[in-house]
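Since the structure comes first, as structure tokens, the remarks are kept for the end.
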């Protein structure tokens, strides 16, 4: 136009500057402005305003400031543009400076000036300045302007002064929908939800025209209150106004019904939304997760991906949670990769959900990697990783992470402490658990809830401190819930305490009468004591109440496909191969006629057959034939794993060398080389030097004592038996010395203490052991840490050296003899074991046993086991004293296999000499010897009872020991310990005994 000689009018410049601003062509706009200044003398101030707006709209405040400074006449519009631009860019100090200088220049602000500045006041620190601006508006006579009143009210809401906002709102002469909405938002964000509901009701009465935004805000308030009735009324009102199908109303309605746990209505509303957006889909997916329909939420997610629907980070977070519940690592990992590609992994909540997902899918290593990728983890993230290690049985790592959390100045919450207490429960850390519970409110300001006390009850119960657990239930500041009594009942079953089990069951059945596990545990508890009539009562109760156990299901994912199995399942295409593998493993558990119920058993008649094809075994067998030999087998189960399947997994890990990970309804179990991460108990044997003269007193003359320099090898054997013909019981066997009767050697048992009448009777009558009933109690206490030894050598590497490591706990095992049926004490044996309780971080002290000759004696003393034990079938032992696996290369000791004879008898109840044929397989390694305190004798030997019942096989030395109140057990137990052995992965199969010699009364006198 200029080159053609056509004059450029002001309107043309206006259009050019506006177009440059719209297109972002600031360089062109700047060139035209410079040309304007060169060619036009004193251009109109209006053109400067257009240029000013062009620069300000694009944040070019430096250029805008230059234009503003060149303006000769600055009106209210130019000042307002600059104030608004600086405020929008977050430079409120500069904006306020312009506002002040505007007044000094004699320019009075208008409503736009006030609203442009106040809309960016969104922090409580700006409240006082906001009040001053409000005062200036009143003095300027603009306070009655509805725009300014709305802006001031909005400013007070954002700055957190709701009283001021309400005051301004009440003085408004003309209240528009924006004014109402501002106050409604304020009440909702401040969680004054009832005030928000009252304000909405007033809006309806006043006939205010409602828009979509008002409905979204008030439905959020209804969701927070979970007021389903009021929400339904608002829903009806939106239908009346024809807004239900609008996405801005339908989506809040879906979210409201989901929060009120009414998913049926949520789904109906969602289906009426004309064009659902990503927020709508996020709400419905979250709803499916909330009601436990995780598979459906995954299906929707996969459908959205195929349709290329826009997704958001909330959808991915919900899917991570769904995959966590489903233990579906394939879909979870795919969703994770997709979210990374799209940049939709929510920094904290999304990554925290990933930590939980990977840990619950058995990949704790992936969970830890995700956690470490978070720069500044919050409480949720820390809690997620601590929970992961707790449920995988890594208590030491969970506690270490909790310490790191404290060092990072992140405050733990109630869920964090549940995770830490759970870790203590699964690893027997009683002292630590008690300290954490007591320190919650004192050090962290977190008030314990019933859930925390339930965790402590569980800690006591698992450790066998049942009286302490009951005392805590009765004294805690909450009414006990079902979990309180369930934890105690579980402990009573674990430690066979029928008295407290009755109390727990009575309360539990009242609180939760539909839980089949309660009836099953009580059935088994009564059955273990031979009280079949009482046990049958609970079976009848289940039948009368039509209670059925959940169907057991185990599943394993192979090559992206989930394979599910139920008990006795024969529908899998590879059924024949699966059962062939089970037969090849040659693992079975001898089933006695007194077998107990598991959650996978339907009834007694079929139990032996069902035990062989429990769902967990089928899944493990399928994993063996379908996965690479160097990869772990990860199996998931919907109920708690039974002891038989637990032993089976240990056996498979030993035979195949594979790592097996099983997640049941309680926790993860990692099986490696015959050991489980849950630190299941195994046996402890301690070797002593005993005077030959003392030991010879009660050894039958058919046997020759193995002695050297006047000493023989004696000791004691401490174990807890999961299964036996006599049920489950603890046992302490005192061994007099090593004897020899070609071609076998064994140790002779002089005293066998067991914690049940059934085990005592079985040992006396069926096996010929000098059994007596005793009370077993275990108490865990903390001890100071000990320095790590620098003595490292070959013997340390194999677990036979003197490597010392940190020890934080000890366990006192008190065994008190009782004179059945009276409960009169006769003697008390106290064993204090150091470094044998704790999580994975607590390592044991190892005793050196250097010379080969001594190691040969260890092997020979293994022959003690068959004669000392009263369980005569395939048996897996459980420790009374936990001995964690050696951390150094995780060596568990050599595998010992042997077949040997064993002898017993020559007792009051079994005068004949019996011989057994035993097959033993186990791993053995050295541990720190236990300390044995003196026995307190309270009752002398009853000579009348001995003359009536005991065959005259004892010589004068024996009688002398008894008459002089000396006790052979005392002599053995207090002799010098030279070695302590731990037996793990142990199985023992014993054939029926045969009579070697039948000594009648006459023949016994001559024996």
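Residue numbers in this text run from 1 along the chain shown.
Quick reminder: no glycine exception, Cβ is built from N, Cα and C everywhere.
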Between the candidate ranges 797-819, 820-842, 843-865, 889-911, where does TrEMBL place the transmembrane segment annotation?
843-865
Labelled transmembrane segment by TrEMBL, one stretch among 871-888, 925-942, 943-960. Can you tell me which?
871-888
State the mean pLDDT for the repeat 'PPR' (378-412).
90
So how many of the residues in the repeat 'PPR' (75-109) end up helix, strand or coil by DSSP?
26 helix, 0 strand, 9 coil
